[in-house]
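Participant: Quick one: structure below, then a few questions.
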Amino acid sequence: MPVKLRIFLSHGEASCAKEPETFLGSNRVRPMSISNSIKITPELVASHGLKPDEYQRILDLIGREPSFTELGIFSAMWNEHCSYKSSKKWLKTLPTTGPRVIQGPGENAGVVDIDDGDCVVFKMESHNHPSYIEPYQGAATGVGGILRDVFTMGARPIAAMNALRFGAPDHPKTRHLVAGVVAGVGGYGNSFGVPTVGGEVEFDPRYNGNILVNAFAAGLAKSNAIFLSEAKGVGLPVVYLGAKTGRDGVGGATMASAEFDESIEEKRPTVQVGDPFTEKCLLEACLELMKTGAVIAIQDMGAAGLTCSAVEMGAKGDLGIELDLNAVPVREERMTAYEMMLSESQERMLMVLEPSKEEVAKAIFVKWGLDFAIVGKTTDDLRFRVLHNGEEVANLPIKELGDEAPEYDRPWTPAKVPAALSETDIPEADIADALVSLVGSANNSSRRWVYEQYDTLIQGNSLQLPGGDAGVVRVEGHDKKALAFSSDVTPRYVEADAFEGGKQAVAECWRNITATGALPLAATDNLNFGNPEKPEIMSQLVHAIKGIGEACRVLEFPIVSGNVSLYNETNGQAILPTPTIGGVGLLKDWGRMARIRFAAADEVVLLVGAPAGLGTHIAQSVYMRDVHGRTDGPAPHVDLIAEKKNGDFVRGLITEGLTTAVHDCSSGGLALAVAEMAISSGIGATIDAVEGHNPILTFYGEDQARYVLTVKKSDLDKVRAAAKAAGVSCPLIGTTGGSTVKLGTARAVEIKELHLAYESWFPQFMDGETLIAAE
C-alpha cells in the first residue's frame, strides 16, 4: 500500500505531511524527514526501473520511504548501466592484471605501460539506446563520453574507433540510422580533433529495433601522472567543472537499462546533446589543471551525471559527499533537485580539489570559458547528502549506493551447440561468382563511405588508416614507437556457441594487432546482450565471458576496462549477442610494420596455420550466410595454443623484415583475404587448389589462427626453416602478379571487377540504389 501524502506548495520543493506511521507491505516505514513533492507509488517505482524486491531493499536500507529525488538516485545507481548487477559476478572472473597493467577495471579507463615512462589509456563503451532514438546526438555523445573517460585519467586522446551494428539494409529505418550515426561520430570526433583509425560496420535483421554504437578511445599519458577518481581527505571542496547543467539526458542511464517497446519516441528527451568544441576546451583545461597539483580526485559526469560521479568518488574513497545544488551552474530555469542530480548534460567533470589551489584552478577554467563552482565537500560519515533551496532532499548511505549495490546471480541455461554439418550438406557454388558476390555484399564490402567521413589524419601521427587489419598511430616524441588498435567480434559465432564466439572475438582482435607486427598488450570489452532475466540470454553472457577469459589468459591479453550493455531488445526480440573486443598493441619500430596490400608481383603466398586442405570449417561462414542464406551449424573451434604459436611466429617474421604483406584470415576465409590484399594493391594472385579437397572448404572455410603472408622468393627458405623450427604449418599456396585473382581451377576474376563490386555497395545503398538484405 503506497504511503499517503498530503502535499502543500512552498517556495522550495513541495513539502509534505504524512500519517505518523504507515505500512508498505510487511515493513513499517518511519516518517520521512525529507520533503517530497511526488507521491511514491508502485507505478512510479516501476517507471524508474526498480523491481518490487529492489524497492523493498531500499526501504530496509534507509528505514523510510525515499524522497522523489532519492528514488531517482537509487534508480540511477542500481540500474544495469551503472551497477553491473547482472554481470558483476562473471566480470570478476576475467584476467585483469599483467606485467604491463598499471590500472585495470574500476576506473574511468584502463592504463597500460608502453615503456619509456609512457602509458596508453583506453576504454570502449556503448551508446546503443540513445543512438537508436536520436542517431546523430546519440553517437556524438557516445564519442564525447569515451573521450572524457580517457582524458579524465590525465591522457591526451590520440585515437578513436567505433564498432557499429545496424539492422537489415532493406529495413525502412536503417539508412536513416546509418547516416545519423556516422555523421554524429564524425561530427564530434573531427571537431574535437582525434583521428578515427578503425572500427566495424555490420548489418543484420536482429539489430532492426536496437542498433549498437560501441565507441573506443585511447590516449597517451606519463606513467607517473595518472589521475584517479578515488576521493581522499575530509572537508575538501568538491568542484564542478565544464559546461552548465540542463535538462537533457535526465534518466538516460535508466533508459539504457531497459528494453524498447512502442513508447520509444517518448524517450527522446533522455538523449544527451553534445558540443565537441566545449569538450576540447575541457580537455585542455583539465590537462593544464593536472600539472598544478590541484587535483586530488577527478571523475567525468557520464551516465547518471552528478549522482554517479559524486557517489563513485565518495564510495571508492570511503568518504561521504555533501552537495549544494544551488551552487551548480545551470542553463535552464527552475530545475528541480531530481533534474539536476540525474541530468546527463555533456562536457562536465567533478573534482576533489586541493584547497590551496582554488584560485589557480578557477583561473584556468575561466580562461577556457568554462564553469568552475564549488558545489560541495567530502565528509567522514559515509552519507550522500544533497541540499537544494536550503532543504535536504537526499540523505543516503553512499557505500550501498555505489560499490555495494545489489549483485545478482541470475539463472542461466546450459549451452546448446548446433550439430556439425555433414560433408554432403555443403552447398556448391561457382568459386569465382561467389567471390564477386561476397566482396560486393552488405557485410563484406568496403566501408570507405563511412571512414572517409571521419578525420583519420588529424594530429599527423596516423600510420595505418581504416581498411587494414588494425589502425596504427605513431607515439609522438619517439622516432620508432607506435600503437596498433583493433576492434572485433563475430556475433553469428557467439549466437551459435557463446563460449567459442567469446574466444574468437579475443583471438581475432589479437590476430589483427599481430598482423601489423605489433605485440598485443591488453584489451577492453564491450558486452552487448539482450535481457539477462531470460535464462537463455544470461547463458550467452556467461559463456561468452568464460570464452573471453580463457582466450585472454592464453594469449596474455588482459582486460583492463570495459562496459556491459544489457536489455538490447525490442518487443522481446534480442539482438545477436555481441561481445566486442577492443585491443591495443605496441610496435617498437613502425618502420617494420606490415600492411595487407601485396607489395610486388612474383612473390610467394604462404598460409600460416593452414589445416589439411587449407580450410575445413564452413558452418556459420559468410559463404553459407551470404551466398546460400544459411546460418546453421557450429562456430569454428578456436585453438588458443595454435593462435599464440602462429601469431608469435608471424610477428617474428615481420620484425625480422621477412614479410612483404600480411593479412589475418577470418570472415570469408582464404578467398576474401586474398581478394582484399589484391584490391588494396592492384596486384593479382594465383592460389592453388588442394587436390582431392572440396574447394569450397579450401577457399571459404573460416578456420581460425591463420594468416596470409607474402615473402620474396629469396627469403622463402629462411621462412620455411623458421616455420619448421617453430612447429608452424606454413605451406606455399600461390604467387602474386597479374591483374586477376584466380582461385584453383575457377575462372580468373579481374581486380577491376572485384574493386567495383567492393567499393560500390555502400554508396549505392546510401544513395538508395540498392536494398540488398544482410541475410
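Just so you know, glycine gets a Cβ as well, placed from its N, Cα and C.
The shown structure was predicted, so the numbers you read here are calculated from the model rather than taken from an experiment.
What Swiss-Prot records for this protein is below:
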ACT_SITE  H81  active site
BINDING   E125, N563  Mg(2+) 1 binding site
BINDING   S126, H127, N128, H129, R148, Q272, E344, S345, Q346, S565  substrate binding site
ACT_SITE  H127  active site, proton acceptor
BINDING   D149, D300  Mg(2+) 2 binding site
Participant: Whole-number answer please: how many Å between the C-alpha atoms of N563 (Mg(2+) 1 binding site) and D300 (Mg(2+) 2 binding site)?
Facilitator: 16
Participant: Look up R148 (substrate binding site) in the DSSP assignment and report helix, strand or coil.
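Facilitator: Note: R148 (substrate binding site) is helical by DSSP.
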Participant: For the recorded positions H127, R148, which Cβ has the most other Cβ atoms within 10 Å, all shown protein chains included?
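Facilitator: Highest number of other Cβ atoms within 10 Å: H127.
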Participant: Please classify the secondary structure at Q346 (substrate binding site) using three-state DSSP.
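Facilitator: Its secondary structure by DSSP: coil.
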Participant: Closest to S126 (substrate binding site): which of the recorded positions H81, D149, D300, going by Cα position?
Facilitator: H81
Participant: If you measure C-alpha to C-alpha, which of H81, E125, H127, D149, D300 (recorded positions) come within 10 angstroms of E344 (substrate binding site)?
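Facilitator: Checking each Cα against E344 (substrate binding site), there are no hits.
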Participant: Tell me the Cα distance separating D300 (Mg(2+) 2 binding site) from N128 (substrate binding site), rounded to the nearest angstrom.
Facilitator: 20
Participant: Hey, what's the Cβ neighbour count for Q346 (substrate binding site) at 10 Å?
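Facilitator: Summing over all protein chains shown, Q346 (substrate binding site) has 29 other Cβ atoms within 10 Å.
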Participant: In the three-state scheme derived from DSSP, which category covers H127 (active site, proton acceptor)?
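Facilitator: The three-state answer is coil.
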Participant: Of all the recorded positions given, namely H81, E125, H127, D300, which is spatially nearest to R148 (substrate binding site) at the Cα level?
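Facilitator: Nearest in space to R148 (substrate binding site), counting only the recorded positions, is D300.
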Participant: I'd like to know which of the binding-site residues S126, D149, D300, E344 has the most other Cβ atoms within 10 Å of its Cβ.
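Facilitator: Going through S126, D149, D300, E344 one by one, the largest Cβ count within 10 Å is at E344.
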